[in-house]
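Taken verbatim from Swiss-Prot:
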- Arg12: omega-N-methylarginine (MOD_RES)
- Ser13: phosphoserine (MOD_RES)
- Ser15: phosphoserine (MOD_RES)
- Ser27: phosphoserine (MOD_RES)
- 74-206: region 'Interaction with TGFB1I1' (REGION)
- 80-188: domain 'sHSP' (DOMAIN)
- Ser86: phosphoserine (MOD_RES)
- Ser87: phosphoserine (MOD_RES)
- Ser90: phosphoserine (MOD_RES)
- Ser102: phosphoserine (MOD_RES)
- Lys127: N6-acetyllysine (MOD_RES)
- Thr178: phosphothreonine (MOD_RES)
- Ser180: phosphoserine (MOD_RES)
- Ser200: phosphoserine (MOD_RES)
Amino acid sequence: MTERRVPFSLLRSPSWEPFRDWYPAHSRLFDQAFGVPRFPDEWSQWFSSAGWPGYVRPLPAATAEGPAAVTLARPAFSRALNRQLSSGVSEIRQTADRWRVSLDVNHFAPEELTVKTKEGVVEITGKHEERQDEHGYISRCFTRKYTLPPGVDPTLVSSSLSPEGTLTVEAPLPKAVTQSAEITIPVTFEARAQIGGPESEQSGAK
């Protein structure tokens, strides 16, 4: 199968979603800014005090040895938290008729992104050279691959980039073959033609 590069369109305004303004974007999509600076210490302190079950918990030293231990453990905890939230988790959704992937690429310009399909796989690549920001010099690059569902036509894959920096790649799913309802066909019997019947008598009279 040949490789196909998928062009993406730039959305001037975010797509309308009901309840979009009721909750922040990070509740739907984890932070995927590759190489971002670590979180401020006050954030890590708040997370460590919250201790969400099943997500992140305060370090043992922070709970057993008092405030002094919290101060010492804070940088290590902040780095661990940053690794969790910058792991690049994407969001995949599949409905009855559509397959969709959303990826946060807000640190990349449109010309630094490439989306292509090859052998039933969507490959998303982002790369920008070293540049300077408020923290120093940094360069970023990533590659993500997603397997298309069976039967999806790779030529129908499309992508778009929202103003918030969310890249959406989607494709229509093939329609399921519906089985027709069972129909009973009646069998009819044809009667044999009678030899010497009325029709034959009329033809003989002529």
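Every residue, even glycine, has its Cβ placed from backbone N, Cα and C.
Shown here: features listed in Swiss-Prot, placed on the structure.
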{"residue": "Ser90", "record": "phosphoserine", "CB count, 10 Å": "16"}
{"residue": "Ser102", "record": "phosphoserine", "CB count, 10 Å": "18"}
{"residue": "Lys127", "record": "N6-acetyllysine", "CB count, 10 Å": "13"}
Indicate whether the residue listed as 'N6-acetyllysine' is helix, strand or coil by DSSP.
strand
Secondary structure at Ser102 (phosphoserine), reduced by DSSP to three states:
strand
When DSSP states are grouped into helix, strand and coil, how many residues of the domain 'sHSP' (80-188) land in each?
12 helix, 53 strand, 44 coil
Cα-to-Cα gap, Ser90 (phosphoserine) vs Ser102 (phosphoserine), nearest whole Å:
6
Between Ser102 (phosphoserine) and the residue listed as 'N6-acetyllysine', what C-alpha distance do you get in Å?
18
